[in-house]
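K.L.:
Questions regarding the structure given below will be posed in turn.
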Amino acid sequence: MSLIALRRGSLVLGPLLLAASTFFWVDGRYGVVGGVLVALSSATWVYGLVGAWERLHPRLPAATAAGLVLTLLGTFGGIAFGLQGFFEGAFGVSSAESLAAVDQHPVAAWLALWGAGPLFPLSLVLLGAALLWTRLVPRPVAVALMIAGIAFPLSRIGRIDLVAHAVDVVLLGASASLAAHLAAGTSAPPRKVGA
């Protein structure tokens, strides 16, 4: 299997695992199975996202550097949130008990969860904007990625199943389209940076 095929697969499998995790929520929490799926989603998806950023590097080196940092730190946050859900479910800890325990370690909680977690959707917004600017993918793909990045935190904070499923579908569609277009090399005419 080629590295390009592996990257394409990760751009589909990552958001697919995330979408599957939502079906395993327990009272609005990830739970054991959902938490594992979220952690695996993050670990899988990041490989393809790094590949997308690499395609942008020749045109937008500074944005690529920032985007890679946000993506990697955000992935750490996604894995941390997934494992938090796993351990809450495995140990039978309620949401209130979990938050109270995390509050005992504010710096670590901020680094692992509250600071790192939001960086992943922010990286998706930045990736979509960079793809839109450079025209490496068709406009609807880039815009869908930005919309999904903006909507993702809202879907998880509110823990409304229907909203989360809708956002998961947009994420999966945008990421799968990104995989198809980047691998095929299909894009709109390239924009000259600085023009």
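For all residues, glycine too, the Cβ spot is worked out from N, Cα and C.
From TrEMBL, for reference:
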type	residues	note
TRANSMEM	9-26	transmembrane segment
TRANSMEM	32-53	transmembrane segment
TRANSMEM	65-87	transmembrane segment
TRANSMEM	107-133	transmembrane segment
TRANSMEM	140-157	transmembrane segment
TRANSMEM	163-184	transmembrane segment
K.L.:
Thinking of Cβ pairs under 8 Å, which stretch from 32-53, 65-87, 140-157 has the most of them with the transmembrane segment (107-133)?
P.N.:
65-87
K.L.:
Please report, as numbers and ranges, the same-chain residues at least 6 past the borders of the transmembrane segment (9-26) whose CB is under 8 Å from any CB of it.
P.N.:
33-35, 37-38, 40-42, 44-49, 51-52, 82, 89, 159, 161, 164-165, 168-169, 171-172, 175-176, 178-179, 182
K.L.:
Grab the same-chain neighbours of the transmembrane segment (163-184) for me: Cβ-Cβ under 8 Å, and only residues 6 or more beyond its ends, written as numbers and ranges.
P.N.:
4-5, 7-9, 11-12, 14-16, 18-19, 22, 25, 45, 48, 51-52, 55, 124, 128, 131, 136-138, 140-141, 144-145, 147-148, 151-152, 154-156
